[in-house]
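To start, the structure itself, in structure tokens.
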Amino acid sequence: MELSLLLIKALIILAVFGVTLLIATYSTYAERKVAAFIQDRVGPNRAGPFGLAQPLADAVKLFFKEEFVPANANKFLFIAGPSLAMLTACMSSAVIPFGGTLIIGGEAIHLQAIEVNIGILYVFGIVALGVYGIMIGGWASNNKFSLLGAIRAASQNISYELAMGMSIIALLLVTGTLSMRDIAAQQGEELFGISGMNWNIFYQPLGFLIFIVCAFAETNRVPFDLPECETELIGGYHTEYSSMGMGLYLFAEYVNIFVASAVMSTLYFGGYNFPFMDQLGLPHNVVTILGTVVLFGKIFFFIFFFMWVRWTLPRFRYDQLMNLGWKILIPLSIANVILTGGAILLKQEFFQ
Amino acid sequence: MQSLSNRAKKLEKKPMNLSERMYLPAIFQGLSITMRHFFKKKATIKYPEETRPMSAVWRGLHVLKRDEKGRERCTACGLCAVACPAEAITMVAGERKRGEENLYREEKYAVSYEINMLRCIFCGLCEEACPKAAIFLQNDKLAPARYERDEFIYGKDRLVEPMPIELTSSAAAR
């Protein structure tokens, strides 16, 4: 019993890890294709059919390049930086529920690697750790531009984590739980007679807006990609990196995008729930598998949205970034918390 | 300051209104523009598989023509070399010997005929100067890029039009 449980958990963890890496790999391809399509080009189409082997070719190229360490760099930290960035990026997908329960042989198996009752806090902690990878790498390079990029990354992440946390607090007032599994399950309830439509976006539209802006900032994506601002900082924190060190940084960014998309889908867009999920009369396992497919659909949409925004908006100036973070998003998110709390109190007083 | 032409437009920098300060309408406008481009037809021509159609008057790689009996038309008069503004053409003339009547049309022919494609500017003046209608610039062939400079000097082996198939077979029958 105990052993089989361990085996199932190990299998799920392996699957989640593999899927995360696979999606991150093909995000690099998708990014180039989306960029090309938006700019009226065709994008990579030489390696394999439709250029589908392009990520493999990129990876092989990065592996075979020289791993160069600058003369006055701190060698240990120089290598620890990208490793830490990759490690933290891969850790955070562990608590995301990728589906409901599969019932096999009378036993319910949750499609989630690890259930912790403070799932959101775990994700937050890991994402906050992610900036250390950039900080360490930028500092260890012994290069002014890298250091500037790293400092920018650190201050940007701290600024936007506050607003993000505040927007999450408003969400937690609605859900009343920190567990990702419970939050996902709650959104499967009925709303106006449609099952699986009780999504948090209907209760927290402003919170979602703040969250998605902060998610862009946390993943260092355009329009908040100041840490790697080419025009001012050459390459930012990864100026001195070559070969797989560089590859890990870029890869970690895509893993982060995947995780941010998964978190947004789970917290605000109903996770694995889809409209009419209980009213179709399908067997439980089929509904679960459909739910997983739907969740990945939502995740892919958000990944596409990240890329769509990247090729639409220009980069913020540094003071504009800080203004937006401290003077607009944080007051807005505090107002959102107060409004949500007031609405919940009113509901308890008068409608129950 | 008084403007000289009185045509200068007076621009007033207005403070942004609420919807402009929210940036969101502008962002959605931008997103819709990029989405429209996403589905637009791409302008790319996938080169090795597709090629851009060439103009009918395109001046490409030279060819030395043969006449209807498969004899070289060039008589090595040198008018093309004189006409060439880039001095890309050189030739050595020779006298046709007995028994070579089926190879060369006139009594004088070009023993060697070279065009330096690095000098050539593809102006087509050689084609205009030729009294025997022997040299033409093709509209479907280019002088391709090469690794070595001497590979750009095209001799008769690469310039003379290959013998038409029906003539080679009839010559073999004879």
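One is the number of the first residue shown, and numbering goes on along the chain from there.
Cβ coordinates are placed from backbone N, Cα and C, and glycine is handled just like the others.
Straight from TrEMBL, the features:
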- B:65-94: domain '4Fe-4S ferredoxin-type' (DOMAIN)
- B:Cys74, B:Cys77, B:Cys80, B:Cys130: [4Fe-4S] cluster 1 binding site (BINDING)
- B:Cys84, B:Cys120, B:Cys123, B:Cys126: [4Fe-4S] cluster 2 binding site (BINDING)
- B:111-140: domain '4Fe-4S ferredoxin-type' (DOMAIN)
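Where TrEMBL records a feature, it is marked here on the structure.
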residue  : record                          : Cβ within 10 Å
B:Cys74  : [4Fe-4S] cluster 1 binding site : 27
B:Cys77  : [4Fe-4S] cluster 1 binding site : 18
B:Cys80  : [4Fe-4S] cluster 1 binding site : 24
B:Cys84  : [4Fe-4S] cluster 2 binding site : 20
B:Cys120 : [4Fe-4S] cluster 2 binding site : 22
B:Cys123 : [4Fe-4S] cluster 2 binding site : 15
B:Cys126 : [4Fe-4S] cluster 2 binding site : 24
B:Cys130 : [4Fe-4S] cluster 1 binding site : 20
Remote residues contacting the domain '4Fe-4S ferredoxin-type' (B:65-94) - C-beta distance under 8 A, at least 6 residues beyond either end: 101-106, 108-117, 119-121, 123, 125-126, 128-136, 160-161, 163-164, 167-168, 171
From binding-site residues B:Cys74, B:Cys77, B:Cys130, the one whose Cα lies nearest B:Cys84 ([4Fe-4S] cluster 2 binding site): B:Cys130
Helix, strand and coil totals (DSSP H, G, I; E, B; other) for the domain '4Fe-4S ferredoxin-type' (B:65-94): 5 helix, 8 strand, 17 coil
For the domain '4Fe-4S ferredoxin-type' (B:111-140), the number of residues DSSP places in helix, strand and coil: 5 helix, 9 strand, 16 coil
Cβ-centroid neighbours of [4Fe-4S] cluster 2 site B:Cys84, B:Cys120, B:Cys123, B:Cys126, 8 Å, sequence order: B:Cys80, B:Ala83, B:Pro85, B:Ala86, B:Ala88, B:Ile89, B:Ile115, B:Ile121, B:Phe122, B:Gly124, B:Leu125
Cα within 10 Å of B:Cys74 ([4Fe-4S] cluster 1 binding site) - qualifying binding-site residues among B:Cys120, B:Cys123, B:Cys126: none
Distance, B:Cys130 ([4Fe-4S] cluster 1 binding site) to B:Cys120 ([4Fe-4S] cluster 2 binding site) (CA atoms, angstrom): 16
[4Fe-4S] cluster 1 site shell beyond B:Cys74, B:Cys77, B:Cys80, B:Cys130, criterion: Cβ within 8 Å of Cβ centroid: B:Thr75, B:Ala76, B:Gly78, B:Leu79, B:Cys126, B:Ala129, B:Pro131, B:Lys132, B:Ala134, B:Ile135
Separation of alpha carbons, B:Cys130 ([4Fe-4S] cluster 1 binding site) and B:Cys123 ([4Fe-4S] cluster 2 binding site) (Å): 14
Integer Cα-Cα distance in angstrom, B:Cys77 ([4Fe-4S] cluster 1 binding site) to B:Cys126 ([4Fe-4S] cluster 2 binding site): 12
